[in-house]
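**Student:** Could you have a look at this structure, given as structure tokens, before my questions?
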Amino acid sequence: MWLLLALLSIFQGTPALSLEASEEMEQEPCLAPILEQQEQVLTVALGQPVRLCCGRTERGRHWYKEGSRLASAGRVRGWRGRLEIASFLPEDAGRYLCLARGSMTVVHNLTLLMDDSLTSISNDEDPKTLSSSSSGHVYPQQAPYWTHPQRMEKKLHAVPAGNTVKFRCPAAGNPMPTIHWLKDGQAFHGENRIGGIRLRHQHWSLVMESVVPSDRGTYTCLVENSLGSIRYSYLLDVLERSPHRPILQAGLPANTTAVVGSDVELLCKVYSDAQPHIQWLKHVVINGSSFGADGFPYVQVLKTTDINSSEVEVLYLRNVSAEDAGEYTCLAGNSIGLSYQSAWLTVLPEEDLTWTTATPEARYTDIILYVSGSLVLLVLLLLAGVYHRQVIRGHYSRQPVTIQKLSRFPLARQFSLESRSSGKSSLSLVRGVRLSSSGPPLLTGLVNLDLPLDPLWEFPRDRLVLGKPLGEGCFGQVVRAEAFGMDPSRPDQTSTVAVKMLKDNASDKDLADLVSEMEVMKLIGRHKNIINLLGVCTQEGPLYVIVECAAKGNLREFLRARRPPGPDLSPDGPRSSEGPLSFPALVSCAYQVARGMQYLESRKCIHRDLAARNVLVTEDDVMKIADFGLARGVHHIDYYKKTSNGRLPVKWMAPEALFDRVYTHQSDVWSFEILLWEIFTLGGSPYPGIPVEELFSLLREGHRMERPPNCPSELYGLMRECWHAAPSQRPTFKQLVEALDKVLLAVSEEYLDLRLTFGPFSPSNGDASSTCSSSDSVFSHDPLPLEPSPFPFSDSQTT
């Protein structure tokens with residue numbers, strides 16, 4: 001009843017219901033439960049006390065604000081199921097959730113708004129009546145003016161795609177002015193923008209999250225009252241990813257002369273939009289030659305990008321000697337191509353750098369000494385080469401220097417790693433090129449393999465017995481194999497593994513992609529819920545990448561094979577003898593995938609193709625994410641092309657990835673919830689019967705798939721949170737793991753058995769070639785949010 005009166009007072013324009021209860025009242029005002037946990041909005045005046053209770057039950061209820069549980073003491077507190085605010089302030093506005101302890105079920109979803117009737121003018125109010133305060137002070141009427149013009153000095157905002165932009169126009173006046181926003185001279189309300197906008201009138205601001213190139217333009221704030229108006233314009237430029245290989249600053253690294261025993265720094269300034277892979281190389285002489293038989297130079301890799309490297313653009317040489325003299329190259333590559341520049345280091349005896357300008361005779365003497373020193377340097381270099389040659393032939397006990405030719409494969413792509421590559425890998429991801437100023441940066445047609453030995457990962461080829469094929473991937477095939485002695489703890493036993501290899505007709509790009517995937521897997525490390533790298537075979541034969549074997553195939557087929565009997569839920573292949581899956585088992589599948597994605601997120605790896613088909617299942621029903629290291633050409637996606645199994649990859653893509661090709665961890669969160677929908681439909685196909693052309697417009701309008709019949713509303717609320725149009729409003733994988741962990745703790749095997757509850761609904765037969773319209777039942781036609789999530793996620797997430 002209290003809620004009904006409050007809502008009626010809001011809609012009728014009367015003062016909002018006072019939420020303060022008298023101390024003599026036996027019952028404090030309580031919110032009655034609302035069916036389907038619909039959001040409730042209450043308007044509270046500034047300074048007004050608030051006292052609400054969560055139903056009639058005092059115990060077992062907790063209040064949360066913006067994802068954080070309220071303390072039991074303080075000005076704003078949650079106490080014995082009550083929400084109490086001593087005096088309502090602007091910062092108290094926001095979303096409050098009352099959750100049942102244990103099950104974390106949402107009892108109430110409440111939004112408190114501040115009544116700004118004293119700071120804005122209604123149509124039926126006389127501005128003159130607002131010129132005096134309640135204390136009797138009279139303020140002169142004044143046209144609008146800027147209160148903080150110094151905060152508006154930055155007129156041009158140039159930001160990368162995916163960032164958040166905030167424009168502010170703080171103003172004042174009497175009567176209190178209103179603010180409106182224009183884009184390129186037209187009224188701007190954000191209704192056609194993916195993710196919408198946030199207009200914070202109390203802060204005189206416009207906020208746009210996850211900006212894309214279509215957001216470019218001139219944004220004007222128009223502030224006006226009855227006495228006048230003022231305006232100010234901002235120019236927004238959204239910077240797209242630059243499709244260019246790294247650019248090296250001219251003149252760097254620079255030729256350097258140093259004395260023996262001094263320290264030298266060589267600087268290489270790299271500009272690259274995509275994450276560059278940088279290496280410092282020293283040119284060496286082998287058997288009296290600087291180049292191999294194939295024309296590629298011999299180089300020693302001195303420094304490479306790794307996770308702990310913060311100054312990879314600087315090469316430090318300590319206590320240099322004559323042997324350090326020579327040519328050094330800074331090599332930088334990204335997904336587009338390679339760039340490099342070289343410099344010479346000259347090392348002289350200390351006395352040879354004692355220059356003087358006292359007399360012409362002294363200058364001539366210095367020149368003679370310099371020439372003599374150069375001759376001595378050449379002799380030393382020759383002696384050093386002979387000595388090094390003797391060391392190689394004599395097999396001295398000192399550790400040999402790692403010398404290698406430039407690896408003959410291209411830098412296939414930018415790793416999906418924001419952090420840089422690990423020092424554990426000695427492999428240099430560069431295509432074999434001749435380091436000259438005239439040749440092109442990339443060569444074509446190279447298919448020979450010349451990979452350096454990586455002792456940490458190399459596995460003897462003769463201990464690997466290949467078996468039957470398991471399938472074909474994007475650029476190769478996967479076969480089952482038996483590896484003898486793969487497990488160090490069981491050196492006399494064999495292990496079943498999967499081996500990735502190239503097809504017979506593979507190109508040099510296919511080779512580069514496989515090498516790139518191998519390197520990414522080295523960098524990522526090990527986790528229970530991802531497919532882990534076990535070893536590689538790079539020497540004396542084709543490249544083999546050895547990974548864990550998942551005996552039960554991919555998750556989609558795993559789910560479909562375990563559908564309960566029925567005419568509408570039939571598997572494509574043979575039915576599993578294990579029987580249908582229970583509800584806790586399905587939640588466990590989602591939980592394990594979320595854990596794997598949380599780990600990949602911690603390693604700065606963006607998957608970009610998360611789906612049930614890319615999750616593999618082991619013999620022990622452990623979920624393992626696969627294909628996180630694949631090179632994917634996101635700028636050349638055919639949106640209308642089906643995969644080999646008939647599914648459209650775009651149906652798993654977030655709107656910002658689909659329309660603007662912006663890939664972040666939050667776009668992976670969107671894909672994860674499509675995967676969650678697949679789980680609770682037991683391998684169903686997303687958006688069944690919806691043509692791709694129509695899907696685009698439906699997603700822009702905010703439509704989302706309906707709740708699967710066998711999915712609880714709590715989990716569907718979780719899906720809707722992850723399908724938020726604004727990426728920053730989606731939960732992180734860490735929050736998803738915590739939420740699913742709570743669900744697992746709350747349910748038991750008796751909670752829900754799919755054998756008894758699966759109804760006739762089957763989304764598995766839909767196909768993108770269908771001519772069905774958007775009226776199909778798979779869509780919910782209410783824009784977000786349809787219903788709240790039961791989990792207290794924060795409203796703003798960082799991507």
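Each Cβ is built from the backbone N, Cα and C atoms, and glycine gets one as well.
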**Student:** Using the record from Swiss-Prot, pick out the residue from CYS221, CYS330 that is joined to CYS268 by a disulfide.
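**Tutor:** Here Swiss-Prot pairs CYS268 with CYS330 via a disulfide bond.
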**Student:** Quick one: which of CYS98, CYS169 does Swiss-Prot link to CYS221 by a disulfide?
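**Tutor:** So the cysteine that Swiss-Prot bonds to CYS221 would be CYS169.
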**Student:** Mind checking which of CYS98, CYS474 has the disulfide with CYS54 in Swiss-Prot?
**Tutor:** CYS98
**Student:** For a three-state summary based on DSSP, what are the helix, strand and coil counts in the domain 'Ig-like C2-type 2' (149-237)?
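**Tutor:** DSSP composition of the domain 'Ig-like C2-type 2' (149-237): 10 helix, 47 strand, 32 coil.
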**Student:** If I take every residue in the domain 'Ig-like C2-type 1' (17-115) and average their pLDDT values, what number comes out?
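**Tutor:** Mean per-residue confidence for the domain 'Ig-like C2-type 1' (17-115): 71 out of 100.
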**Student:** Using DSSP, how many residues of the domain 'Ig-like C2-type 3' (246-346) fall into helix, strand and coil, respectively?
**Tutor:** 3 helix, 51 strand, 47 coil
**Student:** Whole-number Å only: compute the distance from the Cα of ASN109 (N-linked glycosylation site) to the Cα of ASN287 (N-linked glycosylation site).
**Tutor:** 77
**Student:** Measuring Cα to Cα, how many angstrom lie between ASN255 (N-linked glycosylation site) and ASN287 (N-linked glycosylation site)?
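**Tutor:** So the alpha carbons of ASN255 (N-linked glycosylation site) and ASN287 (N-linked glycosylation site) sit roughly 26 Å from each other.
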**Student:** So how many other Cβ atoms are close to ASN109 (N-linked glycosylation site), meaning within 10 Å of its Cβ?
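**Tutor:** ASN109 (N-linked glycosylation site): 22 neighbouring Cβ atoms within 10 Å.
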